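Please read the structure below before turning to the comments.
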Amino acid sequence: MAATIMILYVSKLNKIIHFPDFDKKIPVKLFPLPLLYVGNHITGLSSTSKLSLPMFTVLRKFTIPLTLLLETVILGKQYSLSITVSVFSIILGAFIAAGSDLAFNLEGYIFVFLNDIFTAANGVYTKQKMDPKELGKYGVLFYNACFMIIPTLVISVSTGDFQQATEFNQWKNVLFIIQFLLSCFLGFLLMYSTVLCSYYNSALTTAVVGAIKNVSVAYIGMLVGGDYIFSVLNFVGLNICMAGGLRYSFLTLRSQSKLKQPVDEESIPLDLKRRGVR
């Protein structure tokens with residue numbers, strides 16, 4: 001969060017990007033994104049610790065249909081039958097892939113379904129708040145980090161995580177510090193790329209891309225690492241999941257090739273905008 005604030009603020013000062021200055025309307029415009037952001041993190045960490053990786057991966061796929069539903073309700077978007085079928089084929093493939101691991105953990109299931117809801121809602125509301133005439137994508141990233149950095153710090157102090165971090169014995173290790181700062185910068189790039197994907201495409205596309213990424217990692221894990229245990233159900237499920245994702249990508253790209261891409265108004269210098277108005 002600190003890296004996000006510093007990078008975006010310095011970029012704004014140097015007129016590389018633009019987002020609105022703070023005023024009393026900003027919290028109202030941003031709500032409920034900060035709450036969804038924190039809820040997403042807490043439920044995500046809690047569910048990861050209580051479920052096996054295959055089951056966690058399967059249940060996280062419910063983010064996709066929830067995103068589709070919320071985009072229809074909140075943003076008024078309509079999706080074709082072909083896209084809907086490809087979305088549900090991803091979920092079917094995930095269930096088949098993890099069919100041999102159906103251990104039941106009620107607390108874990110509750111947390112992961114809450115995580116799905118928070119993730120889907122966060123993606124859809126982020127898309128809604130990114131209107132260049134309002135906060136824009138840079139404003140959403142900047143003010144979301146600003147509003148949540150102090151509450152997150154308070155939570156980490158109350159749970160003892162902050163004390164453990166300050167007592168970590170590698171803070172004098174230059175190599176560790178470089179890697180830590182690099183991870184913060186890459187964390188910002190991850191958030192920015194996610195927001196950028198939603199800006200140019202949709203929250204649903206971002207969710208599907210995440211699913212395809214997970215399946216791609218599974219394919220790589222079959223060849224590298226040596227810990228993949230082959231089973232027919234798992235392999236068939238992964239292929240169905242990937243086929244659904246590729247089909248969705250094809251349909252989305254075909255439909256968007258007919259549409260005009262949005263102009264990135266936030267990256268246009270203010271003096272050029274004024275000239276355009278004149």
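The backbone N, Cα and C atoms fix where each Cβ goes, glycine too.
Because TrEMBL annotations are produced automatically, they should be read as predictions rather than curated entries.
As recorded in TrEMBL:
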{"type": "DOMAIN", "residues": "4-249", "note": "domain 'Sugar phosphate transporter'"}
{"type": "TRANSMEM", "residues": "79-97", "note": "transmembrane segment"}
{"type": "TRANSMEM", "residues": "109-126", "note": "transmembrane segment"}
{"type": "TRANSMEM", "residues": "138-159", "note": "transmembrane segment"}
{"type": "TRANSMEM", "residues": "171-192", "note": "transmembrane segment"}
{"type": "TRANSMEM", "residues": "199-222", "note": "transmembrane segment"}
{"type": "TRANSMEM", "residues": "228-250", "note": "transmembrane segment"}
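Distant neighbours of the transmembrane segment (109-126): 32-33, 36-37, 39-40, 43-44, 46-47, 50-51, 56, 59-60, 62-63, 66-67, 69-71, 74-75, 140, 195, 198, 203, 206-207; these residues of the same chain sit at least 6 beyond its ends, with a Cβ under 8 Å from one of its Cβ atoms. Proximity of the transmembrane segment (79-97) to the transmembrane segment (171-192) is not established, fewer than 3 Cβ-Cβ distances being under 8 Å for residue pairs spaced 6 or more apart. Mean model confidence of the domain 'Sugar phosphate transporter' (4-249) amounts to 83 (pLDDT, 0 to 100 scale).
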